[in-house]
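Trainee: Pulled the feature table from Swiss-Prot, pasting it below:
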type     : residues : note
ACT_SITE : K453     : active site
COMPBIAS : 490-513  : compositional bias 'Polar residues'
COMPBIAS : 529-547  : compositional bias 'Polar residues'
DOMAIN   : 1-146    : domain 'SPX'
MOD_RES  : T497     : phosphothreonine
MOD_RES  : T534     : phosphothreonine
REGION   : 490-547  : region 'Disordered'
TOPO_DOM : 1-631    : topological domain 'Cytoplasmic'
TOPO_DOM : 679-697  : topological domain 'Cytoplasmic'
Amino acid sequence: MKFGQLLKETLMYEYKYSYVNYDKLKKEIKRRNDQGGWSEEDESDFVELLEKELDKVYSFQKNKSAEVMERIRFCEEQTDEVVRRLDSDNPPNENDFAILETELTDIMATVHDLAKFSELNYTAFYKIIKKHDKHTGWILKPVFAARLNAKPFFKEQYDLLVVKLSKLYDFVRTRGSPIKGDSAAGGTQQNFVRQTTKYWVHPNNVTELKIYILKHLPVLVFNPNKEFAREDAAITSIYYDNDDLDFYLGRLEKREGAEAIRLRWYGNMDNNNIFVERKTHREDWTGEKSVKARFPLKEKYVNAFLRGDYTVEEAFAKMRKDGKKSLKEIESLERLAKEVQYTVLSRGMKPYVRSFYERTAFQLPGDARVRISLDTNLSLIREDGPSRAGNNWRRMDIGIDYPFDQLPDEDIVRFPYAILEVKLQTQFGQDPPEWVNNLVNSHLVEAVPKFSKFIHGVSTLFYDRVTLLPYWFPQMDIDIRKPATHTFIQGRSQSGTHSSSVSANVLTDSENTPIHADGDNYVDEESRIGSSSTRNDNSTFQTSDSFQELDERTNLLDISKRKGRDSFVAALNSRLKDIKDSFFLETVPKFEEPTEPTVIYEQKYVSPPGKRIYVPVRVEPKTYFALERTYLDYLRYSILMGSIGITLFSFAKTRSGILGAASFTLVALFAIFYSTFLYLWRAVNIAKHNAVRYDDRFGPTAICVITFAAISANVILNFNA
């Protein structure tokens with residue numbers, strides 16, 4: 001389907017006169033080219049026409065955003081009036097709340113439509129400029145990028161609107177009685193299960209996702225008495241590692257006890273409260289859960305603490321004096337601080353990677369049953385080296401001024417997607433809420449089990465120093481957008497086609513080639529970021545690595561397992577078609593030409609020279625039980641053969657009888673030593689997730705042969721005697 005036709009079918013009817021006149025611009029290029037080539041005057045006229053279209057789109061988007069803010073302010077006034085009437089003689093009735101809810105729902109739809117409006121016009125400008133540069137021979141792309149940056153309708157941030165709408169909608173939905181959190185919700189410590197999964201969200205779907213979630217969960221605001229500002233959502237972490245990248249490898253390979261140490265702060269750089277955190281990975285077979293622990297530390301003491309000059313006793317002296325925490329809690333924090341300090345000093349840890357993102361958290365205050373966080377504008381920055389941090393624990397030449405344009409390309413990776421994390425706490429056998437099911441099974445998200453910002457940062461920023469890459473590494477060059485599976489927000493689209501379902505086609509050219517841009521060009525910024533994040537100039541890999549089915553350590557939903565990882569399987573294996581008994585579904589976007597999908601998935605990936613893709617393998621606890629059962633079966637056989645040998649030896653009166661008894665005893669000893677060696681070898685390889693053969697091709701046959709030999713020898717010796 002041509003983009004012009006697609007634009008007509010997916011635009012909002014109410015906004016149709018404010019869209020880019022794509023057909024007019026396209027015809028203008030064709031008409032002037034047909035008249036004898038493209039002259040300087042033609043270029044000037046076309047740029048002027050393009051400027052008018054940009055002014056039209058930018059003015060409409062700006063005015064519409066102001067209108068939305070005004071409508072929200074009006075709803076806030078109406079809500080304040082309802083609050084005042086709650087305890088009066090004339091309390092609000094159901095109709096008052098229904099009117100407010102209808103208005104808020106309409107505002108949400110408007111915000112959603114505005115986001116889609118910006119997305120579609122952004123794509124239209126890209127398409128027409130690409131067509132211009134291709135057919136005229138004049139390069140307009142870099143020049144017009146500056147004009148777009150001056151009128152950035154496509155960079156509108158809706159976070160403030162989402163927070164305001166969340167607060168209002170939560171009040172109206174609960175009819176003036178906001179639900180208070182229950183810290184014990186979900187069961188006691190003995191009968192509930194925690195489940196966590198991570199997803200990628202394409203930027204085009206972020207606004208729709210936020211609006212859908214806030215209809216069920218309010219945005220968690222830690223300081224409701226303060227007006228929300230963008231810096232309130234900023235979270236910055238400094239990850240530490242040593243020169244051998246041991247902590248990176250440990251976290252990537254999911255080694256038992258693997259640690260990650262980071263220093264984190266919230267908001268601006270002038271925040272004096274730093275949190276030192278340690279994440280420890282635990283394997284399922286240990287019966288323990290992975291844990292994250294942290295303790296606070298003032299910024300002025302961080303350098304001294306990391307050098308060992310500032311002792312743990314000094315760090316917690318004030319906390320002991322204040323008495324706000326129990327002695328047991330303080331001792332636990334001190335023990336953690338000592339362990340972290342010892343690890344940093346003994347293993348030569350230094351700052352390596354900084355992660356920055358803006359987090360929107362959705363949760364009922366104090367209620368841990370459903371917790372959702374969405375991290376946007378994720379940036380991973382090099383923190384190592386004297387030219388950056390020197391002797392300081394963090395570099396000071398940057399703050400939270402995303403997108404950090406002052407940094408060179410080799411120092412930063414701007415992650416192309418938002419990160420959605422869903423945490424559930426439910427009783428055993430209890431299903432998650434239906435709306436959560438709909439969310440994680442929808443086209444808005446792409447499941448990425450065990451995704452790690454630290455691992456991705458090291459693997460991209462230090463690409464030349466690592467040999468193992470995370471399993472999602474090849475996925476970075478594949479468009480994760482999928483056809484719409486649910487209509488979460490009822491917008492004003494003229495047709496029933498959901499704009500996010502066409503995005504994968506819109507942003508892919510007719511030759512099925514992904515869009516990439518260079519330099520400061522505005523065009524398809526997320527594709528530029530994604531492609532540059534690999535730190536590899538060769539788009540074609542050379543050394544083949546086979547990929548097995550991906551699995552995640554903690555499964556959120558059975559259905560999510562089938563649908564959520566669809567494009568991973570399509571990318572890592574062959575394109576799946578007409579599979580009925582598989583866990584995955586095909587999600588190649590198709591419109592009028594189903595035989596020619598506009599998103600192409602590679603049938604096979606090969607890793608770069610000298611690199612290997614590490615695919616996580618889940619080891620079920622029953623694997624160890626099966627290993628133990630096999631070992632016990634061998635021991636049972638050994639006991640039987642040993643008992644026979646000892647019995648024969650007890651009644652042996654002749655030399656042949658003693659030799660016969662000895663043959664059974666030797667068989668028993670051989671079985672004990674062999675089975676013990678095999679058990680230990682298998683246990684070590686399973687714990688290390690080594691890709692070796694675990695079947696015993698020779699052991700059972702050898703046992704049968706020597707058993708037959710022992711019996712035969714005993715018969716022959718007794719017959720001769």
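Glycine too: its Cβ is placed from the backbone N, Cα and C atoms.
Can you tell me where each of these features sits in the structure?
Mentor: There are 21 other Cβ atoms within 10 Å of the Cβ belonging to K453 (active site).
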Trainee: Could you put numbers on the helix, strand and coil content of the topological domain 'Cytoplasmic' (679-697), residue by residue per DSSP?
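Mentor: Split by secondary structure, the topological domain 'Cytoplasmic' (679-697) comes out as 9 helix, 0 strand, 10 coil.
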Trainee: Under the DSSP assignment, what numbers of helix, strand and coil residues are found in the domain 'SPX' (1-146)?
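Mentor: Split by secondary structure, the domain 'SPX' (1-146) comes out as 123 helix, 1 strand, 22 coil.
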